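Here Swiss-Prot flags H161, C196, C200, M207 as Cu cation A1 binding site, drawing on similarity to another entry. Annotation comment: Swiss-Prot describes C196, E198, C200, H204 as Cu cation A2 binding site, evidence class similarity to another entry. Feature annotation from Swiss-Prot assigns Mg(2+) binding site to E198. Residues or ranges marked as topological domain 'Mitochondrial intermembrane' in Swiss-Prot (evidence: similarity to another entry): 1-14, 88-231. Per Swiss-Prot, the feature topological domain 'Mitochondrial matrix' maps to 46-59; the stated evidence is similarity to another entry. What Swiss-Prot lists as transmembrane segment is 15-45, 60-87.
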Amino acid sequence: MAHPAQLGLQNATSPIMEELIAFHDHALMIIFLISSLVLYVISLMLTTKLTHTSTMNAQEIEMIWTILPAIILIMIALPSLRILYMTDEFNKPYLTLKAIGHQWYWSYEYSDYEDLAFDSYITPTYFLEPGEFRLLEVDNRTTLPMEADIRMLISSQDVLHSWAVPSLGVKADAIPGRLNQVMLASMRPGLFYGQCSEICGSNHSFMPIVLEFIYFQDFEVWASYLYIVSL
C-alpha cells in the first residue's frame, strides 16, 4: 500500500502491475530524454550570437522533426497496446467475483458458491484496532485465493463508482445497468487496499476496498465456513 513521502508506484503483486510499472519507467525515460534535448536547444538559443536570417527552407530539419516524433510515439504506443490486450485476456478463471457499488459501500457475490455474498462497509475510526489504517479498513474483507485467475464483474446499484486496487493494477468503472469485467491475480498472500476512484457523492472518500489473498486450501475452508454460518 502507499506510504508517506512515496515517490514511485505501489509494489506490484500481479503480473499486470509489474508490466504497468515497467511501462511507466519506459515512458518516463523517453520524456526525460525529450525534456533534456529541449532544454539543451533552448540554452543554445539563449547563449549563441549566430542567427540565420536568410534561411528560407530546411528540408533535412523538417524531415527529422517529422520522423523522429513518429518513431517516439510508436515506441510508446506498442508496449501500451500490449498491456491493454493483456488486461482483456480471460483464460478459464478459477472463480468469478461480482462487486456492486452502492452509496457508500460495496457488495460482493461469489458466483461459484451458493449463497456466498456480503456487504463491505468502512470501519469507523473508534472501532479500529492497533495497526489498522484509518479510512481503509472494512468490516468484511474480500477473501480470495492467491496464484489464481479471478474474474471480477463490476456494476453499480445507484450512481457511478469505480473499483480500484492500485497494487494489482486494477481499475474498472461501476456503471448502473452495465457489467464491466477485469481479470486479477495475486502472486503472494497479504492484504491489499483500494478505494472508490469515481466521485460518487458526499461519502465518496469512505468506500474502501480490502482484498485478502490466502492459500487455496485456506480459501476453501473459509468459503465452507461462511456457507455453514449462512444456513
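Glycine too: its Cβ is placed from the backbone N, Cα and C atoms.
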Checked against DSSP, the composition of the topological domain 'Mitochondrial intermembrane' (1-14) is 0 helix, 0 strand, 14 coil
What's the CA-CA gap between C196 (Cu cation A1 binding site) and H204 (Cu cation A2 binding site) in angstrom, rounded? 7
Across all protein chains shown, the one of the binding-site residues H161, H204 with the most other Cβ atoms within 10 Å of its Cβ is H161
Contacting positions for the topological domain 'Mitochondrial intermembrane' (1-14) when only residues 6+ beyond its ends and CB under 8 Å are counted: 20-21, 24, 133, 136, 166-170, 184-188, 190, 192-193, 213
Would you mind pulling the DSSP three-state label for C200 (Cu cation A1 binding site)? coil
Spatial neighbours, same chain, of E198 (Cu cation A2 binding site) - Cβ under 8 Å, 6+ residues apart: L160, H161, S162, D173, A174, H204
Output field, Cu cation A2 shell: CB within 8 Å of site CB centroid, site C196, E198, C200, H204 dropped: G101, W104, V159, L160, H161, S162, S197, I199, G201, M207
Per DSSP, how many helix, strand and coil residues does the topological domain 'Mitochondrial intermembrane' (88-231) have? 24 helix, 61 strand, 59 coil
Cβ proximity for C200 (Cu cation A1 binding site), under 8 A, sequence spacing 6+, ordered by residue number, returns G101, Q103, W104, V159, L160, H161, M207
8 Å Cβ shell about H161, C196, C200, M207 centroid, Cu cation A1 site members excluded: G101, Q103, W104, W106, S162, A174, Q195, S197, E198, G201, H204
